[in-house]
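Working notes for the structure below.
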Amino acid sequence: LLTFRMFMAGMVKPSGLVKPVSVTQIAGRYLAHQEGLPKLPVPPLQQTCEYYLAALTPIVDPEELNHTRKLLEEFQKPGGVGERLQKGLEQRTKKMENWLSDWWLQTAYLDYRMPVVVHSSPGVVLPRMEFSDRQGQMRYAAKLIAGVLDFKSMIDNETLPVEYLGGKPLCMNQYYQVLSSCRIPGTKRDTVVNYTLVKRPPTHITVVHNFQFFVLDVYNSDGTPLTIDQIYIQLEKIWNSSLQTNKEPIGILTSNHRNSWGKAYNNLIKDKTNKESVRAIQKSIFTVCLDAPMPRVSDDMYRTCAGVQMLHGGGSRWNSGNRWFDKTLQFIIGEDGTCGLIYEHAPAEGPPIVSLIDHVVEYMKKSEMVRTPMVPLRMPQKLRFHITPDIKKDIEEAKQNMNIMAHDLDMKVSVFSHFGKDFPKSQKMSPDAFIQMALQLAYYRIYKRCCPTYESASLRMFRLGRTDTIRSTSIDSDKFVKAMDDPAKHNTEKVALLDKAVKAHRAYTDMAIRGQAIDRHLLGLKLQAIEDLAALPEIFMDTSYAVVLHFNLSTSQVPAKTNCVMCFGPVVPDGYGVCYNPMDTHINFAVSAFNSCQDTNAARLAQALEDALLDIKTLLEQTPKAKL
């Protein structure tokens with residue numbers, strides 16, 4: 001199913017967009033800024049076909065490549081099918097704000113039927129906190145909530161600083177999609193709702209403790225946010241009224257396969273009380289999960305276990321029922337100091353989430369000067385659920401499936417402490433390209449072959465832009481990894497090949513962020529053919545197309561000021577998910593795989609990656625600087 005989905009969508013690590021809100025409703029600076037952004041271009045057809053062949057060269061055999069070359073020649077003939085589809089895309093560009101965003105949201109997310117847990121939603125592990133009791137946990141949670149509300153005020157007042165990349169302003173739309181939004185399951189496809197633009201936007205968050213959900217109003221009647229002290233008092237009330245663990249972890253339903261959850265959801269909301277409780281969760285600004293401590297582990301295993309907690313909660317016996325996985329933003333605060341978040345991927349990519357985290361972490365460092373007015377606050381409202389035998393059966397099924405998923409996820413979160421961005425920079429190399437080449441080398445050393453590699457590139461230079469694919473496996477990376485361990489090759493030649501591979505990666509990255517990469521364009525041509533009800537062109541039924549989209553390495557650089565790391569699951573059954581945050585003097589890595597695959601092992605790839613980074617550094621240090 002997963003491979004089929006990759007094949008169908010021509011994509012990877014989900015990256016879509018909430019139904020584009022009618023931006024005209026957001027007045028002022030935001031609108032003026034958005035309208036000034038260029039539209040996503042449609043790359044030239046011939047250019048995409050050429051780069052597609054280049055991308056295939058290191059990963060398919062020569063015979064297959066020859067066959068694909070012939071199909072592409074046929075596809076590009078003047079007046080042929082390729083030209084017709086290309087014209088269709090160019091027409092679509094004229095009519096829409098972004099020719100890709102609606103299609104992408106559907107194919108990458110809402111049509112995707114695997115559970116969002118592990119398969120789609122990324123988690124973020126924050127530095128371990130020093131509290132070891134509930135008071136510390138409550139205090140931290142109260143500060144964090146206040147910090148997120150502070151960030152929300154910048155979104156509401158449109159004072160959020162516009163971000164730039166290479167001197168160009170970026171689309172800020174995703175920031176307007178992550179609060180007060182939620183995914184809603186369907187039996188065939190999902191939808192996303194966003195309550196920020198309704199007449200009376202939500203003023204509450206959801207807090208979940210011991211599998212029980214509470215509505216916590218975070219604003220006073222005059223519209224001012226509650227102070228940290230007030231939030232703390234309210235969290236204490238929630239804690240004290242949920243001391244017993246709820247027998248039925250209703251939230252676990254959200255971790256199931258989307259079709260099963262869609263059916264269970266329709267059944268669940270037939271009951272009026274249940275429907276109101278579910279609506280309250282969906283409308284809330286965000287969710288805070290007050291977690292039970294996770295199983296005690298050694299210090300070197302701690303980060304890995306924390307990563308697992310963020311991604312799926314550890315299974316039904318631990319914290320997996322203490323979630324509503326459809327909620328866009330869920331902050332997780334464990335009693336043992338394990339903190340982080342998980343987010344539902346449809347509305348946004350990692351960078352806006354990380355900006356929010358960086359803001360909140362800075363906010364929490366400030367000393368609290370505000371003395372709280374001693375106004376009695378309303379008791380937070382506990383959400384009630386009527387559990388029928390049918391719903392109980394659905395919960396049991398979701399628990400079993402969650403536990404299978406939890407057992408299957410193979411995870412390794414590590415800190416590479418030998419160097420960070422500083423070393424590649426000292427060599428005048430792009431840190432991201434440097435890390436990607438080390439990853440290519442690590443994979444090649446284990447499997448003796450190159451594989452299709454996905455790295456996400458931001459398209460936010462364009463209106464409503466999401467992502468495209470940087471293809472890190474290139475003809476140049478292939479030559480470098482094969483030469484690296486070849487004793488017949490001199491070091492100067494290896495360095496020259498590395499330099500060429502790094503520059504090729506950098507050049508393709510620049511193409512991708514300028515909207516000129518091949519993956520979304522090929523997907524667009526394919527979807528255009530489907531929309532035209534035409535026969536699917538042969539290039540999309542070709543074995544090469546299936547191979548090129550089977551991303552054994554799905555990777556993402558998510559840089560943050562905070563010493564955190566994002567993690568996500570692999571996108572194919574025999575693949576890896578690799579996310580990294582390069583800091584100045586170290587690099588945080590999260591590597592995932594599936595235990596059900598005999599050929600993959602997260603710890604082995606993480607170790608091979610560490611070795612590759614060190615070996616490349618040694619190579620560069622031992623080789624006299626030649627005029628490259």
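Numbering starts at 1 and runs along the chain as it is shown here.
For all residues, glycine too, the Cβ spot is worked out from N, Cα and C.
Computed from a predicted structure; not experimentally measured.
Look at TrEMBL and you will find HIS345 tagged as active site, proton acceptor.
Here TrEMBL flags LYS421, LYS425, SER426, GLN427, LYS428, MET429, SER430, PRO431, ASP432, SER456, SER458, ARG506, GLN557 as CoA binding site. All chains included, 21 other C-beta atoms sit within 10 angstroms of the C-beta of GLN557 (CoA binding site).
Of all Cβ atoms in the protein chains displayed, 29 besides its own lie within 10 Å of the Cβ of THR467 ((R)-carnitine binding site). Per TrEMBL, (R)-carnitine binding site is recorded for TYR454, THR467.
Under the heading domain 'Choline/carnitine acyltransferase', TrEMBL lists 40-610.
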Cβ atoms other than its own within 10 Å of the Cβ of LYS421 (CoA binding site), all chains, total 19
For HIS345 (active site, proton acceptor), the spatially nearest of the binding-site residues LYS421, SER426, SER458, using Cα atoms, is SER458
Using a 10 angstroms cut-off on Cβ to Cβ distances, just flag whichever of HIS345, LYS428 is the loneliest among these recorded positions. LYS428
Averaged over the domain 'Choline/carnitine acyltransferase' (40-610), what pLDDT does the prediction give? 92
Can you tell which of the binding-site residues SER430, ASP432, GLN557 lies nearest to TYR454 ((R)-carnitine binding site) in space, using Cα positions? GLN557
Lowest local Cβ density (other Cβ within 10 Å) among binding-site residues: SER426, SER430, SER458: SER426
ASP432, TYR454 as binding-site residues, winner by CB count within 10 A: TYR454
How big is the gap, in Å, between the Cα of THR467 ((R)-carnitine binding site) and that of LYS428 (CoA binding site), rounded to a whole number? 27
